[in-house]
Amino acid sequence: MKRTMKTLVVACGAVAAAFGVGAGTTPAQAQGKTITLCWAAWDPANALVELSKDFTAKSGIGMKFEFVPWTNYADRFLNELNSHGSLCDLIIGDSQWIGGAAENGQYVKLNDFFKKEGISMDDYMPATVVGYSEWPKNSPNYWALPAMGDAVGWTYRKDWFARPDVQKDFKAKYGRDIGVPKTLDELKDIAQFFQGRDIDGKKVYGASIYTERGSEGITMGVSNYLYDYGFKYDDPKKPYAMDGFVNSAGAVKGLEAYKELYKCCTPPGASNSYMSEGLDAFKSGQVALQMNFFAFFPGLYKDPNVGGDKIGFFVNPAGPAGQATQLGGQGISVVSYSKNQPEALQYIKWFSGGDVQKKWWALGGYSCAKSVLNDPSFPDSAPFAKEFLQSMGMVVDFWAEPSYAQLLQAEQKRVHDYVVADKGTAQEALDGLVKDWKAIFKEEGKKF
Amino acid sequence: MNELSASSRITYRAVMVRPGMARRIRGLSDKTLAWLFITPTIVLLLAINIFPLLWTIYLSFTNYRANRANVPTIWLGADWYQSILTDPDIWAAMQVTAHFVIWTVVIETVLGFGLAYLIDKKFRGHGMWTTIILLPMMLSPAVVGNFWTFLYQPQIGLFNYVVAFFTGRAASSFQMLGDVTLSPWAIVIVDAWMWTPYVMLICLAGLRSIPDYIYEAAEVDRASKWRQFWSITLPMALPFIMLAVLFRGIENFKMFDMVNLLTGGGPGSTTEVASITLKRAAFESWRTGYSSAFAIILFVTVFGLANIYVKALNKVKSR
């Protein structure tokens with residue numbers, strides 16, 4: 001009973017923290033200003049609430065948090081920005097929003113502020129600067145401070161891999177030892193091996209992968225295959241020229257391979273899975289492999305049922321054309337409609353501090369600062385730290401154009417139609433995607 | 001009035017016609033007074049209904065995007081209308097919508113009328129059964145969408161287990177929401193479960209409005225129960241049934257929340273009803289002009305069909 005009460009109190013506290021109730025409510029807040037930070041409702045957000053208490057203690061500025069579940073995150077905050085709302089003083093916005101937010105004047109440009117405060121983008125991992133801060137890409141125009149590094153990675157059931165019966169059967173079937181897959185083909189073999197297998201009297205399945213239709217799920221998943229098979233968004237020498245890059249022979253094979261993995265090796269009913277469905281499948285012991293963002297890995301490692309010695313982590317395996325992974329993560333920006341811009345900038349300055357970045361990583365956030373990531377002790381600081389570092393060195397992001405949402409919707413539809421709904425061929429899906437993307441860019445006035 | 005005592009008469013006058021008010025009102029005509037009463041409502045309607053409608057019509061002819069207010073607005077004429085009406089994806093969404101509307105209305109009408117007919121028999125405990133049957137329509141569509149997602153879950157969902165029990169198939173061998181063939185029916189089942197009670201309620205009102213003496217006269221004429229049903233019950237309840245069909249048809253034509261929660265339009269675009277396509281264009285792609293044109297097309301379609309239907313309904317009523 002006592003334990004139940006304790007759990008209840010902790011749960012209520014967590015819920016209150018997640019909704020910003022009472023978070024950062026200090027005497028200073030009552031006297032001074034309060035700023036609101038908007039982000040997604042997930043594990044790292046709770047770490048940020050904890051971290052931000054130091055900011056309030058130091059500056060006397062209170063912090064309020066507006067966290068929205070991932071499924072509504074883009075809808076909610078893009079609505080807020082587009083309606084010139086002043087709910088958020090600071091926003092940790094998705095990497096793809098940067099083009100639109102910069103061009104539509106929704107984020108404050110931070111170049112002068114960075115210069116004045118001595119904040120250098122050279123102190124951050126290059127991929128995160130390009131992905132989270134710059135618009136136009138690869139130009140020194142900064143609209144955010146890299147805040148939360150993230151990429152797609154994989155988890156596996158280390159304890160299942162270590163079982164003698166599994167090892168014996170796998171070797172007998174594939175002629176090699178079971179281990180962390182180095183290639184996407186190996187990954188499929190492992191997933192296929194576990195699909196429908198009996199583990200301790202329970203039927204388990206191969207892999208949980210992203211297949212969600214409504215927001216961005218299947219695009220974030222399939223990209224990990226497409227990149228490895230040679231897909232490129234456009235001609236590196238001729239921007240927006242997509243023919244033969246988006247729908248190259250390699251890309252078609254990559255899309256086919258993703259569909260094969262979905263058909264052969266996912267649990268029943270996994271036709272609309274994204275982050276939380278993946279976590280559920282893994283935590284409930286349904287799957288041997290799980291595709292998900294690194295942001296969830298600290299929580300998974302702590303999980304009493306599947307964490308600790310039972311879980312292992314690995315980077316997205318290589319394909320025939322190389323090895324890359326989908327970028328996740330976000331930068332922190334000041335909203336141009338905020339009435340508390342000086343305080344919001346003060347928060348960014350504080351957040352960029354070396355000690356704060358170290359604590360951010362220690363609490364479960366993913367720092368993008370070189371001072372943290374290049375520290376010799378970093379790879380051993382967590383069981384997934386080495387893989388995170390490796391992944392951040394090979395990330396590729398989706399379009400970050402102002403029209404990114406339209407581009408994303410087109411890919412969601414084309415890919416879901418092919419992979420889940422069995423409509424047409426992979427070639428037709430990617431040819432259709434090129435057609436859709438061309439129409440969108442044409443409407444945008446792009447020349448290609 | 002003549003029966004009132006003198007003191008009551010004085011009180012009555014004092015209440016009915018206060019001198020100041022009387023003077024003010026006496027100067028106003030009946031018409032002015034009528035306008036005075038309805039003006040606030042008209043202003044409210046203009047502000048929240050008519051103005052947005054006119055503004056949407058205007059936007060549908062422009063390139064306006066709500067997320068790019070700084071981009072100059074260009075007049076495009078009927079370009080969006082042309083592009084929408086020739087877009088195969090839009091026609092696919094309209095087909096999905098038609099499938100959903102037709103089947104839900106047919107199922108709900110048949111079941112709703114059947115239930116109303118049973119409840120009307122006033123058997124023992126009919127009040128309790130009425131309350132139980134009405135429960136689904138009292139729930140929020142968001143709640144219904146969420147819990148049916150669980151009911152349809154192939155591994156733990158009750159629905160799959162029930163089907164498995166009766167068919168002998170393995171529960172996890174089929175997925176209602178992830179299968180191209182089954183998912184359009186999955187959303188029809190949920191809507192029918194939720195809204196059949198509503199149709200039942202309207203039909204019940206119709207059945208209860210039939211006077212008993214008509215049945216008594218039929219009994220005297222030795223009409224069979226079957227004959228009574230076809231010659232009295234059905235014709236007299238028909239206007240109510242048609243009204244229920246109209247309400248459900250309009251509602252389901254613009255169905256969004258439940259389908260969005262159940263399938264998000266998937267798998268692929270199998271259950272992408274028109275309102276989901278519209279929402280994606282308006283609030284995800286922010287193609288405000290385009291989505292305004294689409295909204296107007298949907299509005300005209302519903303309005304036109306409803307008008308034709310209402311005319312038919314009036315004909316039935318006047319029979």
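Any Cβ shown, glycine's included, is placed from N, Cα and C.
TrEMBL does not curate its annotations; it predicts them automatically.
Per TrEMBL, domain 'ABC transmembrane type-1' is recorded for B:94-309.
Among the features that TrEMBL reports, transmembrane segment is placed at B:33-58 (among others).
Annotation comment: TrEMBL describes B:100-119 (among others) as transmembrane segment.
TrEMBL lists B:131-151 (among others) with the feature transmembrane segment.
Taken from TrEMBL, the feature transmembrane segment applies to B:185-207 (among others). Sequence-remote contacts of a segment are chain residues at least 6 beyond its ends whose Cβ falls under 8 Å from one of its Cβ atoms, and for the transmembrane segment (B:185-207) they are 100, 103-104, 107-109, 111-113, 115-117, 119-120, 130, 133-137, 139, 141, 144-145, 148, 152, 176-177, 233, 236-241, 243-244, 247-248, 251-252, 255, 258-259, 262-263, 271.
The feature transmembrane segment is assigned by TrEMBL to B:228-250 (among others). Sequence-distant contacts of the transmembrane segment (B:228-250), counting only residues of its own chain at least 6 positions beyond either end whose CB sits under 8 Å from a CB of the stretch, comprise 101, 104-105, 108-109, 112-113, 117, 195, 198-199, 202-203, 205-207, 209-210, 214-215, 218, 302, 305-306, 309-310, 312-313, 316-317, 319.
Using a Cβ-Cβ cut-off under 8 Å and counting only residues 6 or more beyond its ends in the same chain, the transmembrane segment (B:290-310) has close neighbours at 56-57, 59-61, 64, 80-81, 83-85, 90, 242, 245-246, 249-250, 253-254, 274-275, 277-278, 281-282. If you look up TrEMBL, you'll see B:290-310 (among others) marked as transmembrane segment.
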Tertiary contacts of the transmembrane segment (B:131-151), as residues 6+ beyond its ends and Cβ separation under 8 Å:
115, 119, 157-159, 177, 186, 190, 193-198, 200-201, 257-262
